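Per Swiss-Prot, the feature repeat 'WD 1' maps to 9-42. The repeat 'WD 2' annotation in Swiss-Prot covers 63-93. Marked as repeat 'WD 3' by Swiss-Prot: 105-135. The repeat 'WD 4' annotation in Swiss-Prot covers 148-180. Residues or ranges marked as repeat 'WD 5' by Swiss-Prot: 192-222. Taken from Swiss-Prot, the feature repeat 'WD 6' applies to 233-262. Per Swiss-Prot, the feature repeat 'WD 7' maps to 279-307.
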Amino acid sequence: MNYEGHLKGHRGWVTSLACPQQAGSYIKVVSTSRDGTAISWKANPDRHSVDSDYGLPSHRLEGHTGFVSCVSLAHATDYALTASWDRSIRMWDLRNGQCQRKFLKHTKDVLAVAFSPDDRLIVSAGRDNVIRVWNVAGECMHEFLRDGHEDWVSSICFSPSLEHPIVVSGSWDNTIKVWNVNGGKCERTLKGHSNYVSTVTVSPDGSLCASGGKDGAALLWDLSTGEQLFKINVESPINQIAFSPNRFWMCVATERSLSVYDLESKAVIAELTPDGAKPSECISIAWSADGNTLYSGHKDNLIRVWSISDAE
């Protein structure tokens, strides 16, 4: 993979990244930061080298009064959700950068938020240990309380299935839980981590779940059975994991490294470091919809951009 350049505009750690799923979107990526803002980024038409900015801010989304911890993009519309330590979720129109709606019910910092695959539901979680399901009008429809997590819920995502909607959550209680959205029932609890879980993600086909956390282990699970398929020890606390949308690859961001693994061989196929520099810790990652570009967010306030070469 090749280093293409950076995006510069945040004044704090880049905490979360998300890429549009619509083909041909002029927005390349949306980022959130500890500076209390989110930014939607467009291509830089005047870029001539990796030393110039890879992209330019399209809109800066301002309004939160605390760190912004997570962003999720609608699959078929130009809307984004942001979660914040100010205990709120906001919905934004990316066409004009305006806040359209606030979601207020969490009693502590909100750490994670996600759109459902059909964009009709929203799920959120945070330091009050409660997972909440909302409609897009801002009404809280369900709270997952029975068999819930016993500590902060740090990460949450939907499976891509519309027929059997599932939510997966990761927590500081060292577990992952799989939830039926319609009934709010915990279908299974996945145990395998020896310390808190910081990230969970579901594969594009909905068959696999990957989790990572403080113990430095990336675990791969069969989502339908809850079976742990294998473990990759990266020997450093894991900040985020992301499946490639079109290759059997998994990117893992840790305190020490940013690596891409081939899931068949379980081998590292790329260690991502810009030429001549050792970047600061990577805490967020996102693949473009076509799988040809990877964005990484860092503690030095920069977003770095990587491309896949033709040989890969």
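Including glycine, each Cβ sits where the backbone N, Cα and C put it.
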**Prompt:** In the same chain, which residue numbers or ranges, 6 or more beyond the ends of the repeat 'WD 2' (63-93), come under 8 angstroms Cβ to Cβ?
**Reply:** 12, 15-22, 27, 30-34, 36-38, 40, 99-104, 106-115, 117-119, 122, 124, 126, 134, 136, 138
**Asked** Residue counts in helix (H, G, I), strand (E, B) and coil for the repeat 'WD 2' (63-93), per DSSP?
**Response** 0 helix, 18 strand, 13 coil
**Item:** Beyond the flanks of the repeat 'WD 3' (105-135) by at least 6 residues, Cβ under 8 Å
**Value:** 66-67, 69-77, 79, 81-89, 141-145, 148-162, 165, 167, 169, 171, 179, 181, 184
**Message:** Should anything in the same chain at least six residues away from the repeat 'WD 5' (192-222) have a Cβ under 8 Å from its Cβ atoms, list it; otherwise answer none.
**Reply:** 151-152, 154-161, 166, 168-176, 178, 228-243, 245-246, 250, 252, 254, 261, 263
**Complete:** Long-range Cβ contacts under 8 Å made by the repeat 'WD 4' (148-180), restricted to residues 6 or more beyond its ends, are 111-118, 121, 123-127, 129-131, 133, 186-191, 193-202, 204-206, 209, 211, 213, 221, 223, 226
**Fill in**
Model confidence over the repeat 'WD 5' (192-222), as mean pLDDT, sits at 97
